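The NAD(+) binding site annotation in Swiss-Prot covers GLY8, ALA9, ALA10, GLY11, GLY12, ILE13, GLY14, ASP34, ASN99, ILE122, SER123, ASN124, MET238 and is backed by similarity to another entry. Residues or ranges marked as substrate binding site in Swiss-Prot: ARG86, ARG92, ASN124, ARG158. Residues or ranges marked as active site, proton acceptor by Swiss-Prot on the basis of similarity to another entry: HIS184.
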Amino acid sequence: MVKVAILGAAGGIGQPLSLLTKLNPNVDELALFDVVNVPGVGADLSHINSDSKTQSYLPKDKEDKTALAAALKGSDLVIIPAGVPRKPGMTRDDLFNINASIVQGLAEGIAANSPKAFVLVISNPVNSTVPIVAETLQAKGVYDPARLFGVTTLDIVRANTFISQLFLDQTKPSDFNINVVGGHSGETIVPLYSLGNSKQYYDILSEEQKKELIKRVQFGGDEVVQAKNGAGSATLSMAYAGYRLAESILAAVNGKTDIVECTFLNLDSSIKGASEARKLVKDLDFFSLPVQLGKNGITEVKYDILNQISDDEKKLLEVAIEQLQKNIEKGVSFAKK
């Protein structure tokens, strides 16, 4: 029996993510939690004739923790798209304070009710919210770094799509699986186009085209916000990306081997390759790298990729590391308040 809980299931990302998860044959039970509108989402999804059982959980009021506890109880995988999107006039700090509090509250619920679950964090800013979840679980004595994932998959999805769009006659987006390292916002996002099968195409681009491509991957979210006239952000593509990582983890749990995905993880020495990775990223506690997945989560960090990157990518990495340090510290200090 595999139970998946989605926290923030009625939101812009939560709804399509819940739909995709409902269709996964590896899922037996789907628990949908949100503070608004979730009974309707649950009723709607429950009519789909896939085999997973769907249940929605709505707290009676702000103080009610029983709904969250029931949603989480017995969950094997928890996905967190909860939070508020940035509204006009809202600073990044405003957004951070709201989402950080939401994520911390949910992490406390996980610690109490499903401490062994795999936890996938989508709520932005991921560079800070993942450290908050780590600190919260650690404070409760139930932290396993191999089971905590910051979802950066949208950066990989965009990196694959955007290079393919420059070579429409020769390639399809599915031809690529670009490794994207660093973090999950702006200049902390470093796509490694110089490696693997993207190299032959990337190398023939002009310097200007290369810069534009990197910038597009780093700031692709802005394109969607503009196209939606400020009325929303990247929700469908984000739901797909979050689902892709969840699907990979569920496949690994079911015994599929050789699954590698990039994720923003805690470079804890208990994970194979993490200590070596730290040395290459100025001793950062968290960083996004390709990892090998197994039945118990992350089995190995594929750090060697950082020794193979181009000089241009090394420069991008330096900028990313500097910003990441601040983002991580911000999350840690919030959690320790």
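From the backbone N, Cα and C atoms, a Cβ is placed for every residue, glycine too.
Feature annotations (Swiss-Prot) mapped to structure.
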residue : record                 : Cβ within 10 Å
GLY8    : NAD(+) binding site    : 27
ALA10   : NAD(+) binding site    : 22
GLY12   : NAD(+) binding site    : 17
GLY14   : NAD(+) binding site    : 28
ARG86   : substrate binding site : 17
ARG92   : substrate binding site : 11
SER123  : NAD(+) binding site    : 26
ASN124  : substrate binding site : 23
ARG158  : substrate binding site : 25
MET238  : NAD(+) binding site    : 23
Legend entry - Spatial neighbours of the residue listed as 'active site, proton acceptor' that are distant in sequence (at least 6 apart) but have CB under 8 A: ASN124, PRO125, VAL126, ASN127, GLY150, VAL151, THR152, LEU154, ASP155, PHE264, SER288
Legend entry - Spatial neighbour of ARG158 (substrate binding site) that is closest, considering only the binding-site residues ALA10, GLY12, ASN99, MET238 and their CA atoms: MET238
Inset, instruction - Output, ordered by sequence, the same-chain residues six or more apart from ASN99 (NAD(+) binding site) with a CB under 8 Å from its CB, or 'none'. - result: GLY83, VAL84, SER123, ASN124, PRO125, THR129
Legend entry - Maximum Cα-Cα separation in Å among residues GLY8, ALA9, ALA10, GLY11, GLY12, ILE13, GLY14, ASP34, ASN99, ILE122, SER123, ASN124, MET238, which the record lists as binding NAD(+): 18
Legend entry - Recorded substrate binding residues, ARG86, ARG92, ASN124, ARG158 - maximal Cα separation rounded to whole Å: 23
